[in-house]
Amino acid sequence: MATVVTEKLSRLFINVRQVSQLLAPLSPSTVSSSEVPKVFWKPYIHSGYRPVQQTWRYYFSTLFQQHNEAINVWTHLVAALILLLRFQQLSQQVDFGQDLHAQPLLIIIVASITYLTFSTLAHLLQAKSEFWHYSFFFMDYVGVAIYQYGSALGHYYYAIEPSWHEKIKGFYMPVAVLLAWLSCAGSCYAKYRYHQSARLLSRLCQELPSGLAYALDISPVVHRIYTAPSSERADPALLYHKCQVLFFLIGAFFFSHPYPEKWFPGKCHFFGQSHQIFHVCLVLCTLAQIEAVVLDYESRRQIYSTLQGDLAHNFTALCLFTVTCSVLTAAYMARKVKNRLSFKEE
């Protein structure tokens, strides 16, 4: 028995060593900000950057290395894997193919996994070059737009109260589509046009459409929280909804303000960046949101089936329209970046 265990441990050691050799970095792990183009610079982060113009293998290998994007990569990667497992579990309980009213639930889950995956790839691979830096973050903004639409749909379809539905049913979903696309377009334009020197204009283009989108998207949830009778305030779904609002607001603060790295310049190269805290808060927001929507799907069928009727197919079509517009916008902006970089090289 001891011999067998020893042999298995030896094989495991050999396999781990082979994997580590395969993923070994092909160049220095990190460099200072002065060694990368300005587009990669982050406020108050002076080192921890990965060198540009390396192989794709190198950037994939940095998944297991320490650099200033590592936490951003892993927070969203782990969350995407958690949601994949949750989706697998739900697929055994929910008939997504036959239940018309399950389509919005499928959309918000897929949208959440999509934005988490796109964000993971953006933070992992964007250091390849200036062009890929822009392109991967444009892809990231597409994922955000899809998630915004999925959130709006989930709240409108399952969480809304009849009284609020009556007030906003004529414009809610079309405006949600418009704001999701504007959020993608504004973020892409801000990334392309402005840098840290134009922080105010960049924030205006990026955060104003996203802020308006969130105000609209969350309105069914906020209305329900404030109008719920005392007998329903212990409803688990309502508690999850409160958590998702809280986590989002905390995350929004850290997205908009560079703390704590502003307090400790030069000390947060690897850990403690505001964007890392934003990622953690957004992950918690998304996980709470999905659980809330699942509970609403299970417990509020009599309400939403009466309110929504057979409109689920229309909402699916609106989702495809949002995806198409956002992808085309990102592709157009990537082409503009390519042309600008080609002109600069000439």
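Each residue, glycine too, has its Cβ placed from N, Cα and C.
Since the structure is predicted, the reported quantities are computational estimates derived from the model, not experimental observations.
Sequence annotations record features per position, and here TrEMBL assigns transmembrane segment to 70-85, 105-125, 131-150, 171-192, 238-256, 277-295, 315-334. Positions annotated as Zn(2+) binding site by TrEMBL: HIS123, HIS275, HIS279.
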Excluding the flanking five residues on each side, which residues at least 6 beyond the ends of the transmembrane segment (131-150) place their CB within less than 8 Å of a CB in that stretch?
39-40, 107-112, 114-119, 121-122, 125, 176-177, 179-181, 183-184, 187-188, 191-192, 210, 213-214, 217, 286, 318-319, 322-323, 326-327, 329-330, 333-334, 337-338, 341
Residues within 8 Å of the HIS123, HIS275, HIS279 Cβ centre (excluding the Zn(2+) site residues themselves):
GLU69, ILE71, ASN72, VAL73, THR75, HIS76, SER119, GLN273, GLN276, PHE278
What's the number of neighbouring CB atoms sitting within 10 A of the CB on HIS279 (Zn(2+) binding site)?
24
Taking 10 A as the limit, how many CB atoms besides its own sit near the CB of HIS275 (Zn(2+) binding site)?
20
Nonlocal residues around HIS123 (Zn(2+) binding site), in sequence order (Cβ under 8 Å, 6 or more apart):
GLU69, ASN72, VAL73, HIS76
Tertiary contacts of the transmembrane segment (315-334), as residues 6+ beyond its ends and Cβ separation under 8 Å
103-104, 107, 111, 131, 134-135, 138-139, 141-142, 145-146, 149-150, 153, 157, 173-174, 177, 180-181, 184-185, 188-189, 191-192
Could you tell me whether the transmembrane segment (238-256) and the transmembrane segment (105-125) are in contact, taking contact to mean 3+ Cβ pairs under 8 Å with a sequence separation of 6 or more?
no
Near the transmembrane segment (171-192), which same-chain residues lie under 8 Å Cβ to Cβ, leaving out any that are not at least 6 residues past its ends?
134, 137-138, 141-142, 144-146, 148-149, 152-153, 156, 201-203, 205-206, 208-210, 212-213, 216-217, 315, 318, 321-322, 325-326, 329-330, 333, 336-337
